[in-house]
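Visitor: According to TrEMBL:
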type: DOMAIN; residues: 44-293; note: domain 'G-protein coupled receptors family 1 profile'
type: TRANSMEM; residues: 28-53; note: transmembrane segment
type: TRANSMEM; residues: 62-81; note: transmembrane segment
type: TRANSMEM; residues: 101-121; note: transmembrane segment
type: TRANSMEM; residues: 142-166; note: transmembrane segment
type: TRANSMEM; residues: 203-229; note: transmembrane segment
type: TRANSMEM; residues: 241-264; note: transmembrane segment
type: TRANSMEM; residues: 276-295; note: transmembrane segment
Amino acid sequence: MADTEQGNQTSVAEFILLGFGDLVDLQILLFLLFLVIYIVTVTGNILIVALIVTDQHLHTPMYFFLGNLSCLETCYTSTILPRMLVSLLTGDRTISVSGCIAQFYFFGFLVTVECYLLSAMSYDRYLAICNPLNYAAIMNNAICSQVAAGSWMTGFLVSIIIIFLISQLTFCGPSVIDHFFCDFTPIIKLSCSDTHMMELVTFMLTFITTLPPFLLTLATYVYIISTILRIPSTTGKQKAFSICSSHLIVVTIFYGAIMIVYMLPKTDTLRDLNKVFSVLYTVLTPLVNPLIYSLRNKEVKEALRKAVRKCLAFTRM
């Protein structure tokens, strides 16, 4: 009987992303705001990558991982913001089921990779502060390349498995997603298939692949902070803290927002704030990363000055 009823249901071909549709009078303002954010984010992250590639002084493990992170942030924001901008400008909030699943794939893929890259960067800072004598031997080019490749490959494989499972689901209404992008929970709620096994597999995969890098990041900063506090001189403490402060700010924003969105109970208050906190880690984190690393980092600022001087000298020729 269940199979017959399911066979009589009409399959949904597209979803409706409500986004910020309830803020009718602010659509143009939100479009302009997110457009500026998108342009600044992409420009800033591409600039970071260009500086790291062209400046020999930035050919170090920390900046190698930062370059990977900036590439990731460019793709990450391009997965979500262009679709949101079209929606705000035209009012068309529909997205095909395949397009929604594809958006979630790239979102999940890139979030997983970011967890590993942030973990690798925190371990790099741990070695630089807590074990400087062995830093060069441990963080060599081969190890850095393997860690970066492993991060991208892990995100790819985990997301491919989850997307394969989602693609087996049937969607037969309702078709409204009260979000500005296609996330896992809203998609699953729209399925009329039995999703219990898929949710269990997805939870296990997510738990296995994201908890270790989070715990490693947490452990390294416990060691880093305890080491900094044992430094006798105030100048030494400030110098050591300046080495990892930028990365610590990024990690705090990223994991803080994710924990609020995915781990806290879904009370009415938090449900209303869910979109706000989602904006924090999907839109603002890619924006502030290049700003934090450039404004708080002497090497990046110096590389930028050199690049500007070269550009000015070239234009005067």
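Using the three backbone atoms N, Cα and C, a Cβ is placed for every residue, glycine included.
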Visitor: Looking at the stretches 28-53, 62-81, 142-166, 203-229, which one shares the most CB pairs under 8 Å with the transmembrane segment (276-295)?
Guide: 28-53
Visitor: Which one of these stretches, 62-81, 142-166, 203-229, has the most C-beta pairs shorter than 8 Å to the transmembrane segment (28-53)?
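Guide: Selected stretch: 62-81, with the most Cβ pairs under 8 Å.
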Visitor: For the transmembrane segment (62-81), find every same-chain residue at least 6 residues outside the stretch whose CB is under 8 Å from a CB in it, and list them.
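Guide: Distant Cβ neighbours of the transmembrane segment (62-81) are 34, 37-38, 41-42, 45-46, 48-49, 52-53, 103, 106-107, 110-111, 113-114, 117-118, 120-121, 124-125, 128, 144, 147-148, 151-152, 180-181, 282-283, 285-287, 289-290, 293, 299.
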Visitor: Restricting to the domain 'G-protein coupled receptors family 1 profile' (44-293), report the mean pLDDT as a whole number.
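Guide: So the average pLDDT across the domain 'G-protein coupled receptors family 1 profile' (44-293) works out to 86.
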